[in-house]
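Single-structure report; data block below.
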Amino acid sequence: MYQISNIYGITAIAVIGGGLFGFDVSSMSAILPTQQYRCSFNQGPFYADDPEGCSGPTANVQGGITASMPGGSFFGALLSGWITDRLGRKRAVQIGSVIWCIGSAISCASQNIAMLIVGRFINGIAVGICSAQVPVYVSELAPPSTRGRVVGAQQWAITWGILIMFYISYGCTFLQGEKAWRVPWGLQMLPAVFLFFGLLFLPESPRWLARHDRWEECHAVLTLVHGKGDPNAPFVTLELNEIKQMIEFERQNADVSIKELFRPKMLNRLHIGVFTQIWSQLTGMNVMMYYITYVFGMAGLKGNGNLVASSIQYVINVFMTIFALIFIDRWGRRYPLMIGSTLMSIWMYANAGLMASYGHAAPPGGVDNIAEQSWEIGGAPAKAVIACTYLFVASYAPTWGPVSWIYPPELFPLRVRGKAVAITTSSNWIFNFALSYFVPPAFVNIQWKVYLIFAVFLTTMTIHVFFCFPETSGKTLEDIEELFLTGVPAWKTHVDYHSTRRAEAGDLGDKEKALHREQGPEKLEDTPKV
């Protein structure tokens, strides 16, 4: 069967797995404030004098409905490590696409809240599998100089999924009755169908093939993707030798099991990978994605005006992520994380200050009878809150958004990469679950102080990244293993982009190639950089 050889073509299909999460985020965000949804799943009083009529699910129940998807993703991410090690990266993602269709069908057909929660939980299992293994898959296929770009494309796919599904859901709000939410939740099956069949035309990960002693297939994939059909291309030979050396080293020195991740030499990088994903959630970005209509409702926006204003942040998210795709391998990993969290903390502190200084408690029952909209702010301060929210999204999109997916797969050696990324990604989803459940009642009970909590988290993560997160950009996955074994302090590590590009182009001499293979590209210029 014909196989796609261009790394960007491979990535474009594979990262649809990330787009599935985006579809779920905005379908819930756009549908939450609609009368059709609130009346279909109403638990509160019916307001006869209000054109909006129904109050919808209670804050706690709405938190549970939203959190059911990341709850399923937690288990899906853990399960993905076992699936991918046995069946391969590609088949694991295909299994995820099938599970997604099952969950979407149940959600679309929901007759009550319990059925909706079950459907979203099954959707979450699919998202957990795909979100954990798509970054592993594309990182193991990509050359070092473009690895950040192609893995970061997962985040771009998420932003596109959010944007496309939001406008589909917004358009469906004009439908009468339950069709307003059944139609978009049914349509979200289509990208998963495309993903399943698109993966048939993609190669398997060469590193996974090598680990299962399928060396001819491994060489063929490297030739296809990196050698332009030439099995003797310099970079193909270099990459194949590095994989052979690493496989041999791993088999001589390690008994592959989940326990290895908790041994002293591996525990530090597990801590880094887990906290990359935890901090990504504690930025508060996904809360903004799910519940932005509540925030803008408190700022005085209503109805279609609220939905249209909310969609602007999704457009910002898509286009600001482009900068990361273009420059992330030059910027590295550390600086985007630190700069992003610093900027986001500024906007969160600003929103907390504006809400506290110029806002006031809403009437009982909340703005527009939505309990979560428990605080009101108007005039110029309300516009400032909206502006800070947009700036927050613009700060997240080129920094923590893509880097949180790029970084964890780079940290671990091949023998444990599948299991390790499953654990790091599961930590993302368990915190996503907690925050999705926590935020609606938090808006009811502590109001503007929610912003202050996230601002403190953002300040803390900046300090943590500076002291503990080493630079991995511009290094082969095998070179990164050497970086951790030598124990260089994180703040002394730097990006070395150009020597890696030269290695891939075959421009290095024999001595330089040996140094590139044994010590990493940073040693080629004989500098103290790592």
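Numbering starts at 1 and runs along the chain as displayed.
For all residues, glycine too, the Cβ spot is worked out from N, Cα and C.
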Per TrEMBL, the range holding transmembrane segment, considering 120-139, 420-439: 420-439
Among ranges 86-108, 270-292, whichever one TrEMBL labels transmembrane segment: 270-292
PLDDT averaged over every residue in the domain 'Major facilitator superfamily (MFS) profile' (10-473): 86
Candidates 183-202, 270-292, 312-328, 384-408, 420-439; stretch with most C-beta pairs under 8 Å toward the transmembrane segment (451-469): 270-292
